[in-house]
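Let me begin by presenting the structure, written as structure tokens, before commenting on it.
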Amino acid sequence: RFDPRTHRIRRGITSCFLPPLVRLFHSSSSTMAKSKFEYVRNFETDDTCLRNCYIVVRLDGRNFHKFAEKHKFTKPNDNRALGLMTRSAHSVMEELEDIIIAYGQSDEFSFVFKRTSNWFKRRASKLMTHVASQFSSSYVFYWKEFFGEEPLLYPPGFDGRVVLYPSNRNLRDYLSWRQADCHVNNLYNTVFWTLVQKGGLTTAQAEDRLKGTLAADKNEILFSEFDINYNNESALHRKGTTLIWEKVNETVTKRVKLPNEEEKEVHVTRSRKRVRALHCDIIGEQFWEDHPDILEDDN
């Protein structure tokens, strides 16, 4: 029914005027936001990362010793678990293309954002939580791809931290530190579990046997007692996993319609980026000489 209070005719166009009560519920969100409670935003901490610094987000498995025991991971290294970690990190890099390199070993992974990145306005909390949530959900999502019908007994957890590195040297030293840590831990674990699994020692006896030993001592135990050359062990276990971007050319076939209405197949080559996994030394110069596009110029 026509109501003269809310309608009027002007040059053939019907206009509608909302009554005061209706206008109240159609107020803009900006007006609604200006409430007496808005002051609580002042308690938020400014966690914007300093500019011109590489942003490193490092994730570590939370209580993964227990997680590995519950899921019966192979000792000293479970290739299924390592593959799942890498697949999860791969997913993070595909989601956040400003990550220029990632490095992982055991139950940890570090992701390096380029210095000029402005993702999430460089807010540390946003970067860390996005990386952690993407990694964790991917770990659960791809579990069956690596463990088959072996069930995931409970959700895994990963904690994160954000660290800034202002120079290429600082960043390289950080990544070298993580790879050196991989070597130290893997050498110890390899000898430890060899003494248990092949030498017949208990875990307490193996731990006591290795007290005070240096890297050379551990290598000697492996070689002289078990005929194992540590340098021949898998590079995945000794060096960890480095993820980088690489450009690849892909050729696809397309059908193109010609002016005479005929169709012709043509080959089109496109260049795109994809994530590549490497198990190599990143402490020396060779890796960085082979991939000069990873680091930005310090100047």
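A Cβ is built for glycine as well, from the same backbone N, Cα and C atoms used for every other residue.
The Mg(2+) 2 binding site feature in TrEMBL is assigned to D60, D107.
Here the Cβ of G61 (GTP binding site) has 21 other Cβ atoms within 10 Å, regardless of which shown protein chain they belong to. Marked as GTP binding site by TrEMBL: D60, G61, R62, N63, F64, H65, S106, D107.
Here TrEMBL flags D60, G61, D107 as Mg(2+) 1 binding site.
Across the domain 'tRNAHis guanylyltransferase catalytic' (37-166), the DSSP tally of helix, strand and coil residues reads 57 helix, 31 strand, 42 coil. Taken from TrEMBL, the feature domain 'tRNAHis guanylyltransferase catalytic' covers 37-166.
As annotated by TrEMBL, domain 'Thg1 C-terminal' applies to 169-284.
Mean pLDDT across the domain 'tRNAHis guanylyltransferase catalytic' (37-166) comes to 96 in this model.
Fewest other C-beta atoms within 10 Å: among the binding-site residues R62, H65, that description fits H65.
The candidate set comprises the binding-site residues N63, S106. Of these, S106 has the most other Cβ atoms within 10 Å.
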